[in-house]
Amino acid sequence: MTDSPFLELWQSRTVAIRERLGIGDQPNDSYCYNSAKNSTVLQGVTFGGIPTVLFIDVSCFLFLIVVFSIIRRKFWDYGRIALVSEGNSESRFRRLSSSSSGQQDFESELGCCSWLTAIFRLHDDQILEWCGEDAIHYLSFQRHIIFLLVVVSCLSLCIILPVNLSGDLLDKDPYSFGRTTIANLQTDNNLLWLHTIFAILYLILTVVFMRHHTQSIKYKEESLVRRTLFVTGLPKDAKKETVESHFRDAYPTCEVVEVQLCYNVAKLIYLCKERKKTEKSLTYYTNLQVKTGQRTFINPKPCGQFCCCEVRGCEWEDAISYYTRMKDRLMERITEEECRVQDQPLGMAFVTFQEKSMATYILKDFNACKCQGLQCKGEPQPSSHSRELGISRWSVTFAAYPEDICWKNLSIQGFRWWFQWLGINFILFVGLFFLTTPSIILSTMDKFNVTKPIHALNDPIISQFFPTLLLWSFSALLPTIVCYSTLLESHWTKSGENRIMMTKVYIFLIFMVLILPSLGLTSLDFFFRWLFDKTSSEASIRLECVFLPDQGAFFVNYVIASAFIGNGMELLRLPGLILYTFRMVMAKTAADRRNVKQHQAFEYEFGAMYAWMLCVFTVIMAYSITCPIIVPFGLIYILLKHMVDRHNLYFAYLPAKLEKRIHFAAVNQALAAPILCLFWLYFFSFLRLGLKAPLTLFTFLVLLLTILVCLAYTCFGCFRHLSPLNYKTEESANDKGNEAGAHVPPPFTPYVPRILNSSSSEKTALSPQQQTYGAINNISGTVAGQGLAQSPEDSVAAADQED
């Protein structure tokens, strides 16, 4: 059988590339194992340094647990738990539970170790009631990953590991980590087929487990959200009555309940937050004067709390007089801003209809592609106001949850938003492009003899624990940088913000943690030498050295560091503790310190947490075949991560109300992990066996088919909105079943926004049923609280963070 011309051309081109890279048809394996003798990162340690790193990391984890227990006992007021205590001093930490136990007292959890048992005593019903549906879906995702890793651990340790140990390419030293990797097998060993088959099996298992998880994601679609459309592209001078008349004329069968135009209220939100803080401080000192009968004097100047004597320009003044003056000044600014807001429309509107089917019909009319002959037009139904309103430029979508909208960011749109987005991400990319791996830093130290004697680095603590700890530190810093960059992008919804955050953090972490270290310790140096230095004797680079026998030990140590140090630091929440301490020190008065305590609880960042966990999961799956010993440590990581997140979701963070798309996006990213495993096996086969090897061709075919399926799925997902059938959600049996099972009221209840008077007290939060799409009076009054929070204190805190 003769090869096709395409295959012959591809083969000749591949041979040329392999010769350019210094890869022969039968590579000299001993070259890779002996060429790194001057490197200090992967040699000279027992079993890749894993026992030493494991002992150090477990010791650090136990130390962090002790520190956290002490802090939780003595300084517990830097999280959500402080809000409950602040608002209910008579019965501290008493929460209404939906379980049969009724009211449960969590005061005992302030003990040094009693909080550990509380993690296991928490039921999903309690978490659902207190933290919302998103927390349940997040924890369910972790449980599916745990079950998947249990199966993968059994297969990798019971089948793949003995196969790797059966090889004889490396020495027989029982303390050699390389014997446990795929590098221990000869190139002519037929057992290499087993690795590819199990990689395909892992891919199938991942799809099955993730499919089961997605089927369990059932959101209770609120009637208010499904009946409300978000319209952008309106003329700035459009009137509420005109928009309402257009919908009634163009769609006579659809009854409009309410139309609310959007305005630029960013500054108004800021002023209302400051007024709320000022009123709380004024109330605090008023009550203190009534209780003690004495006036309190404060120094309101910047850093005035550090002044020990009264000097000119740093005088003390009466606290009640100061905060009364501040409140009056803020009230004047709020009144002026309310008048200006009326002249700053944004060209957006929320339109609520009588029934879900009406909103769905109009959404289909605006977005579905209607083909007539050879032309496809998407013009919606006209009315007498169509030209005035410019309906051809409208963009119509379902409205997000009221709690999900970032009101202050709605004013940033169009060219300004895109310019801001491109500028932020360009600066982020340039900055992170030069943030290389710590392994390259250590290898550079070796090259320039920074550390003398050079062999002193052969200690496992330096050569394995330090680089993995440094890598984890960089990967811990990266989400923080990306999170702040995402916040600066001014997304309109918190769901979109978390989704973009998850994607960006995951991509950057994968490049930093997995791809760059896998290219070799001096991969950048090799690349530029190969690209520019044509005369150097080292211009011929052996890429098969990427799969060094001990290369997997670095990633095993990274997973161990993430499991113990990473989860320990996440439980401790050191960045939040440092920020809390700094804000408490910089607070000028006792009332300000009280406000700091009440504003210290934040919503859970599902996007960043998903990305962090998926990065480690991808590392585990990518090396589950080539380095099977990594899988049980990955299982330990996910188990500890699950326990830590259960604690933090319930006791430390405020609930968040997000769209379900972020959970489906996490599933899609999880499917990338076994695909990377196939990539690793293909590269190994290509570099070690050659292109003509049957195993290489088979792995390439499987990988190509997998990528094609993923691309097809992604493309269909991108163009799904063009199908009119996509909008017939009210006909779905699943939706009907969800509504029947949830025992919700009929979805045709008319939407009436709860507009609060501007004179309402700022200390009274909205009830969970008081959902509104943010009229001006609502923002100048009390900001809507979180509908999920079951305690008034959480509602107040969520209102303070409303954007």
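Cβ coordinates are placed from backbone N, Cα and C, and glycine is handled just like the others.
As given in Swiss-Prot:
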{"type": "TOPO_DOM", "residues": "1-51", "note": "topological domain 'Extracellular'"}
{"type": "TRANSMEM", "residues": "52-74", "note": "transmembrane segment"}
{"type": "TOPO_DOM", "residues": "75-133", "note": "topological domain 'Cytoplasmic'"}
{"type": "TRANSMEM", "residues": "134-166", "note": "transmembrane segment"}
{"type": "TOPO_DOM", "residues": "167-190", "note": "topological domain 'Extracellular'"}
{"type": "TRANSMEM", "residues": "191-216", "note": "transmembrane segment"}
{"type": "TOPO_DOM", "residues": "217-415", "note": "topological domain 'Cytoplasmic'"}
{"type": "REGION", "residues": "218-413", "note": "region 'Intracellular linker IL2'"}
{"type": "TRANSMEM", "residues": "416-443", "note": "transmembrane segment"}
{"type": "TOPO_DOM", "residues": "444-461", "note": "topological domain 'Extracellular'"}
{"type": "TRANSMEM", "residues": "462-489", "note": "transmembrane segment"}
{"type": "TOPO_DOM", "residues": "490-494", "note": "topological domain 'Cytoplasmic'"}
{"type": "TRANSMEM", "residues": "495-531", "note": "transmembrane segment"}
{"type": "TOPO_DOM", "residues": "532-553", "note": "topological domain 'Extracellular'"}
{"type": "REGION", "residues": "554-585", "note": "region 'Gating helix'"}
{"type": "TRANSMEM", "residues": "554-585", "note": "transmembrane segment"}
{"type": "TOPO_DOM", "residues": "586-605", "note": "topological domain 'Cytoplasmic'"}
{"type": "TRANSMEM", "residues": "606-623", "note": "transmembrane segment"}
{"type": "TOPO_DOM", "residues": "624-627", "note": "topological domain 'Extracellular'"}
{"type": "TRANSMEM", "residues": "628-650", "note": "transmembrane segment"}
{"type": "TOPO_DOM", "residues": "651-660", "note": "topological domain 'Cytoplasmic'"}
{"type": "TRANSMEM", "residues": "661-688", "note": "transmembrane segment"}
{"type": "TOPO_DOM", "residues": "689-693", "note": "topological domain 'Extracellular'"}
{"type": "TRANSMEM", "residues": "694-708", "note": "transmembrane segment"}
{"type": "TOPO_DOM", "residues": "709-803", "note": "topological domain 'Cytoplasmic'"}
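Residue counts for the topological domain 'Extracellular' (624-627) under DSSP, helix first, then strand, then coil, are 0 helix, 0 strand, 4 coil. Assigned with DSSP, the residues of the topological domain 'Extracellular' (689-693) fall into helix, strand and coil as follows: 0 helix, 0 strand, 5 coil. Taking residue pairs at least 6 apart in sequence, the transmembrane segment (628-650) and the transmembrane segment (191-216) share fewer than three C-beta contacts under 8 angstroms.
Three or more CB pairs closer than 8 A are found between the transmembrane segment (52-74) and the transmembrane segment (554-585), so contact between the two stretches is assigned (pairs 6 or more residues apart). Simply put, out of 554-585, 606-623, 628-650, 661-688, 694-708, 628-650 has the most Cβ pairs sitting under 8 Å from the transmembrane segment (134-166). Away from its own ends, the topological domain 'Extracellular' (624-627) comes close to residues 152, 156, 160, 180-183, 195, 198-199, 202, 547, 552-553, 555-556, 634, 677, 680-681, 684 of its chain (Cβ-Cβ under 8 Å, at least six residues beyond either end).
On the 0 to 100 pLDDT scale, the topological domain 'Cytoplasmic' (75-133) averages 56 in the predicted structure.
Among 554-585, 606-623, 661-688, 661-688 has the largest number of CB pairs under 8 A with the transmembrane segment (694-708). Secondary structure of the topological domain 'Cytoplasmic' (490-494), assigned with DSSP and counted as helix (H, G, I), strand (E, B) and coil, comes to 1 helix, 1 strand, 3 coil. Non-local neighbours of the transmembrane segment (661-688) in the same chain are 23, 27, 134, 137-138, 141, 145, 182, 187, 192, 195-196, 199-200, 202-203, 206-207, 210, 213-214, 217, 495, 498-499, 502-503, 506, 514, 518, 543-544, 546-547, 606-607, 610-611, 614, 617-618, 620-626, 695-696, 699-700, 702-703, 706-707, 710; each lies 6+ residues outside the stretch with a CB under 8 Å from one of its CB atoms.
For the topological domain 'Cytoplasmic' (490-494), same-chain residues at least 6 beyond its ends with a Cβ under 8 Å from one of its own Cβ atoms are 400, 403-406, 409-410, 412, 417, 420, 500, 603, 656-659, 803. With DSSP states grouped into helix (H, G, I), strand (E, B) and coil, the topological domain 'Cytoplasmic' (586-605) comes out at 10 helix, 1 strand, 9 coil.
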